[in-house]
Structure formats: C-alpha cells, structure tokens
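S.K.: Sending over a structure as structure tokens; questions will come in a sec.
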Amino acid sequence: MANYFNTLNLRQQLAQLGKCRFMGRDEFADGASYLQGKKVVIVGCGAQGLNQGLNMRDSGLDISYALRKEAIAEKRASWRKATENGFKVGTYEELIPQADLVVNLTPDKQHSDVVHTVQPLMKDGAALGYSHGFNIVEVGEQIRKDITVVMVAPKCPGTEVREEYKRGFGVPTLIAVHPENDPKGEGMAIAKAWAAATGGHRAGVLESSFVAEVKSDLMGEQTILCGMLQAGSLLCFDKLVEEGTDPAYAEKLIQFGWETITEALKQGGITLMMDRLSNPAKLRAYALSEQLKEIMAPLFQKHMDDIISGEFSSGMMADWANDDKKLLTWREETGKTAFETAPQYEGKIGEQEYFDKGVLMIAMVKAGVELAFETMVDSGIIEESAYYESLHELPLIANTIARKRLYEMNVVISDTAEYGNYLFSYACVPLLKPFMAELQPGDLGKAIPEGAVDNAQLRDLNEAIRSHAIEQVGKKLRGYMTDMKRIAVAG
C-alpha cells in the first residue's frame, strides 16, 4: 500500500491540508437522529472506545462491541469493560455483518489487521469510522468502494470525552469524510450524527479532512504537546539540581509546574499565562522565548517536513515491524532519567510560586506553542486546526505528567505520539544544552526581583503577545468552550 497523501498531486495535497471550516451550531439541529435505529458496532474498548460508546448509547444509539474471540474467551480487559457497562459483546463474525456503522477505535498499529478482518464481513453500503486518520493517510489503506469512510476525532482523551458529556457539554471535535469513499453522499450526515452523539457539537466542530487531521495531529504531539514537555522536564530538572536545588523540590516544581502554567493557558491563552508574571519576569520570559524560537525553529520544521513527506511514518512503521525495538528502548531509557527517579517532595508549593520560579518553563511553553502553530500554518494547515493541535491539548498532556511524571504521559498517549515524542526530545535536549548553560539567576528556581520597567517596552511586548495569530484564533475558539471544567491543579 502507498502513502495516500503522496499519491495526490500538489493541488490536491494543498486542498486537503487546508480544509477546515468551523461549523455552526444550527448544522447539528438534528442531533444524532441520522444514526438512530441503525446498528453501530465499535471495535476496540480502550479509553476512546468505551467512552465514546457510553456517550453514543446515552444519546439513543444502538451500540455493541466486536472483540476478538480470544478476548472474549479469556475475558480480557476489553471484554470486562464492555460487559460491566451493560453493552452487547460479540465476535467480529457475529456483529460486523449486521452493522450499519463500524467504528474502529483500536490503536493505530492494529488498524490494518482490524480493517483487513472486518472489511470482508461488512455488508454492502455500510460505513467505516475512525477517530484518527493514520491508517487511511499514512498506511494508505484501500477501502471497498461501496463503503463510506468517515472520521470523528475528539480533541481530548477518552475520559474527558465522557466527563464533559456527563456535565451536559462536550469536547472540541474534528470531523471528515474520506473523498475516495463517499458513494452515497451520506458521509457528512453520518459524521455529524456521530459527533453529536458524543457531545462534540456543544463545544465546537471543525469540518476537516483526513489529511489535515493526521498531519496536524502528528506535528502537535511530536513537538509542543509531548516532545517539548519531555525535553523541558529533563533539561529543567538537571539545571535545578546542578545549581544546588533539592532534587525532590526540583522534581515537584517541574512535575506540577507544567499543569499549573498551562491551566492559565487553557483559560486565556498565552496572554493570560504571561500576565501571571510580574512585569520584569514577563519581559525576561518573552526574551527567553524569542531565543528558544530561533534555536528550535529548524527542529520544528524538520519534524513537519518529515510528517508531510511520510518519512516519519515509514520510520515508525519499520519499528512496528521490528517489534517496537526503538520505542521500547527509548521508553526504558526515559524511565531511568534523574527526573523520573527523583524522590517525592512532601511540602507544599503555592500556585503563584510555580509561575514566579518557572519563568523558563513559561518561555518554553510560549516558544513551543507558537512554533508548532506557525510551522503548521506555513505548511498549509488552517489556523483553527493548528490551534487545536498545539495550544488546546497542552493542558491535558501536562495533567498526565502531574499524575505520574513522564511515565504517565507516555502510557496515556498513543504509541504513535510516544514514538514521535522520543524523536523530538532526543534531538531537542542536546540542541538546548548550550542555551541552558547561559541562563541567568531568576530564570528557573528563583523569582526575579521586582523592579522598574520601561513602559513603552512593556506596552509593545503586551501588544506583540496579544496580536499573535494563535491568540486571535484562540480567543474565538475558546468562546465555544467556556463551560469546560477547570482541570484540577495539584499542590
């Protein structure tokens, strides 16, 4: 199979990369009615599989789970989760032939095997759904021409998808129809009904493409969302300890610092995050972020180039074929780092202390978010898509680090995200070491003293922060998410 994106001509590539339309709430007036009375069979009962299924059932849809015979016979976790929640469970052979919509919510590396198994069992004119388009775009999976292929991609982990639905809300969602597989022209109606059934229409839905979702998703998770947080954690911890900070305190400042800092980012973008600093600290954070952007821009661009060309995907799929040798080696090495093995700090760190003593961390967040956004937009991805794949998801990933450090982040994210994270962080750490050696007192671990600032300089800096394109589009998109619950900040 050939990488689908690479089979397109340049005009088609640009058209699909640039497909992005914010859908009006009136477009979802019919809710999930298009799928009511039809049989929806979900393959996979992980975090997305279970929680999307729960939401869809609560929205009045007929939901069941198709699992492998061994999973049922051995009563594995997927079988237990589905049955304990009262769902009908059966084998592929029992459930797939009667399904109107088959939703493949297994991990990326299982998609080809799953599709090859279910496709011969699917009835004529059925639909196949994904929540990530890697199998279609990067693997180049060929789907029978009578089958409609759609995507509904919530921009949150599965647990958040469920929690927001239970609150009567939802999470921002991308939907798409594969242009090669919409024989009856009903793909958009199916995708809209599925998105409404998960609650996504209450938080904002982007009509996108499989290509735009995949390329932007890979870029965000590799760079700012996971790679930058991992590289930043390792670099900042080592710097603090090198300068005499208690390792336990240093570990806590970083582990919970990302979460605290990005909570401000979630509520009010880079503007609010920077406003949490004193004026002298804000000036310094801005200067550091500009230095970081200049240093890291070529690395961000390389990742985007490798994602666009398919170089990243081919390398990762080669590792899949080699029993994940690289991935597992990198995972083991990360677990042995000083940050991951540091003792726990039992004392309290106040919320403002994370900002005052984390000026460098704030600069890293600002630089990483802006670079990821700018690099995606320069590659033809529309600003709304770039926002969701950079700034929007960052607090959610930071929250995983607050739970169990980098280990938890790498467990929760997909194997695809984890592989890309290691590629980025392994390149970024040595790249930034000379920069780290030139830091000043107050950049990390100590507060910058209050002092006089130049009013004109501060005015211009504030204007530069607020006028960045990600702040402009972010203000609009956050307006649709005002009801989303505040992520709990650990102390």
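The backbone N, Cα and C atoms fix where each Cβ goes, glycine too.
Below, the features straight out of Swiss-Prot:
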type	residues	note
DOMAIN	15-208	domain 'KARI N-terminal Rossmann'
BINDING	Cys45, Gly46, Ala47, Gln48, Arg68, Arg76, Ser78, Asp108, Lys109, Gln110, Gly158	NADP(+) binding site
DOMAIN	209-344	domain 'KARI C-terminal knotted 1'
BINDING	Asp217, Glu389, Glu393	Mg(2+) 2 binding site
BINDING	Asp217, Glu221	Mg(2+) 1 binding site
DOMAIN	345-484	domain 'KARI C-terminal knotted 2'
BINDING	Ser414	substrate binding site
S.K.: Count the other Cβ atoms sitting within 10 Å of the Cβ of Cys45 (NADP(+) binding site), across every protein chain shown.
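M.R.: Taking every protein chain into account, the count is 27.
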S.K.: So if I draw a 10 Å sphere around the Cβ of Arg68 (NADP(+) binding site), how many other Cβ atoms end up inside it?
M.R.: 17
S.K.: Would you count the other CB atoms within 10 A of the CB of Gly158 (NADP(+) binding site), including those on all shown protein chains?
M.R.: 22
S.K.: If one looks at the chain holding the residue listed as 'substrate binding site', which residues at least 6 apart in sequence have a CB under 8 angstroms from its CB?
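M.R.: In sequence order, Pro107, Asp108, His132, Glu221 meet the Cβ cut-off.
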S.K.: Of Asp217, Glu389, Glu393, which binding-site residues come within 10 Å of Gly158 (NADP(+) binding site), going by C-alpha to C-alpha distance?
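M.R.: Cα within 10 Å of Gly158 (NADP(+) binding site): none.
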S.K.: So which binding-site residues are near Glu389 (Mg(2+) 2 binding site), with CA atoms within 10 Å, out of Cys45, Ala47, Arg68, Ser78?
M.R.: none
S.K.: Could you pull the average pLDDT for the domain 'KARI N-terminal Rossmann' (15-208)?
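M.R.: Within the domain 'KARI N-terminal Rossmann' (15-208), the model's average pLDDT equals 96.
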S.K.: Identify all same-chain residues not among Asp217, Glu389, Glu393 whose C-beta atom falls within 8 angstroms of the centroid of the Mg(2+) 2 site's C-beta atoms; report them in sequence order.
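M.R.: Counting only non-site residues, the set is Lys155, Ser216, Met219, Gly220, Glu221, Leu225, Tyr388, Ser390, His392.
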S.K.: How long is the line from the C-alpha of Lys109 (NADP(+) binding site) to the C-alpha of Asp217 (Mg(2+) 2 binding site), rounded to the nearest angstrom?
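M.R.: Distance (Cα to Cα, whole Å): 16 Å.
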S.K.: Which whole-number value in Å describes the distance between the Cα atoms of Ser78 (NADP(+) binding site) and Asp217 (Mg(2+) 2 binding site)?
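M.R.: The Cα atom of Ser78 (NADP(+) binding site) is 26 Å away from the Cα atom of Asp217 (Mg(2+) 2 binding site).
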S.K.: With every protein chain in view, what's the tally of Cβ atoms within 10 Å of the Cβ of Glu221 (Mg(2+) 1 binding site), excluding that atom itself?
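M.R.: The answer is 25.
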S.K.: For the NADP(+) binding site, please report the maximum Cα-Cα distance among Cys45, Gly46, Ala47, Gln48, Arg68, Arg76, Ser78, Asp108, Lys109, Gln110, Gly158 in Å.
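M.R.: Maximum Cα-Cα distance: 22 Å.
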S.K.: Within 10 angstroms of the C-beta of Asp217 (Mg(2+) 2 binding site), what count of other C-beta atoms is obtained when all protein chains are considered?
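M.R.: The Cβ of Asp217 (Mg(2+) 2 binding site) has 25 Cβ neighbours within 10 Å.
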